[in-house]
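**Student:** Below is one structure. I have some questions about it.
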Amino acid sequence: MSGPETETLLYLDGVSVSFDGFKALNELSLIIQAGEMRAIIGPNGAGKTTMMDVVTGKTRPDTGTIYFDGNVDLTKLDEASIAELGIGRKFQKPTVFQHHTVWDNLELALAGRRGTFAALFRREGSSERERIEELLGIIRLGELRDMEAANLSHGQKQWLEIGMLLAQEPKLLLVDEPAAGMTDAETEATADLLKEIAKEKSVVVVEHDMTFVRALGVKVTVLHEGSVLSEGTIDHVSEDPRVIEVYLGR
Amino acid sequence: MIGSFIRNGFDRSAFFVILVLVAAAFVVPALALYTTPASPFHIPGYAIPLMGKYLTYGLLALSVGLIWGYCGILSLGHGAFFALGGYAMGMYLMRQIGTRGVYGDPVLPDFMVFLNWDELPVAWYGFQSFPYAMLMVVLAPGILAFVFGWFAFRSRVTGVYLSIITQAMTFALMLGFFRNNLGFGGNNGLTDFKDILGFNIQAPETRAALFAASALALALAYLICKSIISSRFGKVIVAIRDAESRTRFLGYRVENYKLVVWVLSACMAGIAGALYVPQVGIINPGEFEPANSIEVVIWVAVGGRGLLVGPIVGAIVVNFAKSWFTTGALAPYWLFALGGLFVGVTLFLPKGIMGTLGGGWTALKQRRASAAAEAGVSVTDTDGPDGGRLKTEPAE
Ligand SMILES: Nc1ncnc2c1ncn2[C@@H]1O[C@H](COP(=O)(O)OP(=O)(O)OP(=O)(O)O)[C@@H](O)[C@H]1O
Ligand SMILES: [Mg+2]
């Protein structure tokens, strides 16, 4: 079986998911081009997180097709295989390994062999250490490398999780509400960081903070009740009367 | 490869624990065999198998501590693996009896003659050989754990559901082993052992050797566990404990990691059971009782599951208390005391004995280190009580 052969990196068509009869995703179709950064907004319960769940293999869609990188059918794969293909994900609630240090969190995320045998006997090499140093610089946690992640602030955890995403060296990053719980300055820095990342990778960002979305300056997709309500530049969607009605106008 | 694997785990605290166990393996038997009862250092003969039994419990507790403390898998059925290892050893010991049984049959153990069986069941083939029996000590629990874990971890059974099915597993095995026609001695189990590797099982020297073997096995198992938790594998299982789905989305096959520690832990429990049986002289289906497995969990909680020494200390302390309690007038109240201990530890020492002691030690060192830093002295040694490599606390 083969999917559409274009510059398309992620292709969702007619994807539906229901939980006990409630349609969290309703015939959702979405295309992300290679190298693109896309912002996704929408009211609570619109299905934004569920969309990431179906892409990363956490939830199986009831119907619809999802292709990655040309013709890889994601609906047939589990989380680990999808991660291996090059899709990284940041959770809505920052999720890092609380009892590991910042350094170890990054080390665990580092691209490389994931087998049990290698994990028992392989030791961290110097190129890995360099890469971790580099990541620590990017996420500005160099000073806190030996701190247990549990002791980081909320914003620092968000950054650490983004660092872990980068360590995975994915082709596509799915970032769920990276600015939640951040100060204005942190939010701004996060937007800059994501823009920097988007120079090399494809990124899908879910966010409620409109200033943040505006700062990203990319194409916006508005989700509502599990499907796309509107799509276009931030100015285009914010003038769309349907978007104003269900989301912005409240 | 193996060398660096072991070196990685061999830090100061590991050195200390292993030193104590290895010293005990030689000193305790020597004191029992070569001192006179008049000597203040004399250890009476009856105490040796008792202490040996504590060490096998320590090994069992270590196996539970590894999966519970470091991978978040709470097994309420580890007694089953212990008992299977014990049965494998018991079968070897039964076949060593030979013609010295009550019925004098050269091949069939007494209970089979009693049941009018005229040939040895296939499951008993090979058990006259010590190496084969030792292989079975590891394989029987290992294979059961593999099959169980394969299905449970692949279908993502976790938390309390997993605990319940481990409990069901040991319960089902208990019912099976109670039946005479399963061929393992029914409710009487296996007993009346005569000798092991040609040595009289009751002789003081044999008992001393079994004690030493238990101490050395525990030391080796501890070293292996320590090396595992200090490796990247160890970091991955702690990651699974703390955030399983995060670990999956990083591309780790969580079920494989769980399966490896689970099977390893079951094999350790099997070895503990095999060392236990010759020292207590009997194995019966009572070892599969769900309550036994729950007791192991209590030892681990009491000792502290955040560190590998915790379970060992917990097993020894609780069982020492049990022996002391149940030989006096307080015997009927032991279970109340055990329950009270569990509740008390959960409420007041959530990190267990060793976790609390270790925490105090680390705090003291940190205070000293910061005092030293203020005085302008650089302190390089920041190792915690467990090497500081893996700071773990019980998972929420
Ligand atoms: N596992 C689940 N079981 C039942 N219902 C679910 C499940 N996951 C999501 N839902 C429901 O599906 C709907 C969409 O949820 P989703 O988390 O995707 O929304 P969202 O757009 O991310 O919202 P928010 O902005 O609040 O994060 C919600 O009504 C939610 O309650
Ligand atoms: Mg969401």
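Glycine is treated like the rest: Cβ placed from N, Cα and C.
According to TrEMBL:
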| type | residues | note |
| --- | --- | --- |
| COMPBIAS | B:386-396 | compositional bias 'Basic and acidic residues' |
| REGION | B:373-396 | region 'Disordered' |
| TRANSMEM | B:12-34 | transmembrane segment |
| TRANSMEM | B:54-73 | transmembrane segment |
| TRANSMEM | B:80-98 | transmembrane segment |
| TRANSMEM | B:130-153 | transmembrane segment |
| TRANSMEM | B:160-178 | transmembrane segment |
| TRANSMEM | B:208-225 | transmembrane segment |
| TRANSMEM | B:259-277 | transmembrane segment |
| TRANSMEM | B:297-318 | transmembrane segment |
| TRANSMEM | B:330-349 | transmembrane segment |
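Could you place the listed features in the three-dimensional structure?
**Tutor:** When Cβ-Cβ distances below 8 Å are used as the criterion, the transmembrane segment (B:12-34) is approached by residues 41-45, 47-48, 51, 204-205, 208-209, 211-212, 215-216, 218-219, 222-223, 226, 308-309, 312, 383, 385-387 of the same chain, each at least six residues removed from its ends.
Within the same chain, residues 79, 81-82, 162, 211, 214-215, 217-218, 221-222, 225, 228-229, 234, 237-238, 240-242, 244, 257-258, 261-262, 264-266, 268-269, 271-273, 275-276, 279, 296-297, 299-300, 303, 305-308, 310-312, 314-316, 319-320, 392, 394-395 sit at least 6 positions outside the transmembrane segment (B:54-73) and bring their C-beta atoms closer than 8 Å to a C-beta of that stretch.
Nonlocal intrachain contacts for the transmembrane segment (B:80-98), taken as residues 6+ away from its ends with a CB within less than 8 angstroms of a stretch CB, comprise 60, 63, 106-107, 109-110, 124, 127-130, 133-134, 136-138, 140-141, 144-145, 166, 169-170, 173, 177, 184, 189-190, 192-196, 201, 265-267, 269-278, 282-283, 285, 287-288, 292-293.
Residues of the same chain lying 6 or more positions beyond the ends of the transmembrane segment (B:259-277) and with a Cβ under 8 Å from any Cβ of it are 52-53, 55-57, 59-60, 62-64, 66-67, 70-71, 73, 75, 78, 81-90, 93, 134, 137-138, 140-142, 144-146, 149-150, 153, 190, 210, 213-214, 217, 221, 228, 233, 237, 283, 287.
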**Student:** Taking B:130-153, B:160-178, B:208-225, B:330-349 as candidates, which has the most Cβ pairs under 8 Å with the transmembrane segment (B:297-318)?
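**Tutor:** Selected stretch: B:330-349, with the most Cβ pairs under 8 Å.
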**Student:** Sequence-remote contacts (6 or more beyond its ends) of the transmembrane segment (B:208-225), Cβ cut-off under 8 Å?
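**Tutor:** That would be 6, 9-10, 14, 17-18, 21-22, 24-26, 28-29, 32-33, 48-49, 51-52, 55-56, 58-59, 62-63, 66, 196, 199, 268, 271-272, 275, 278-279, 308-309, 312.
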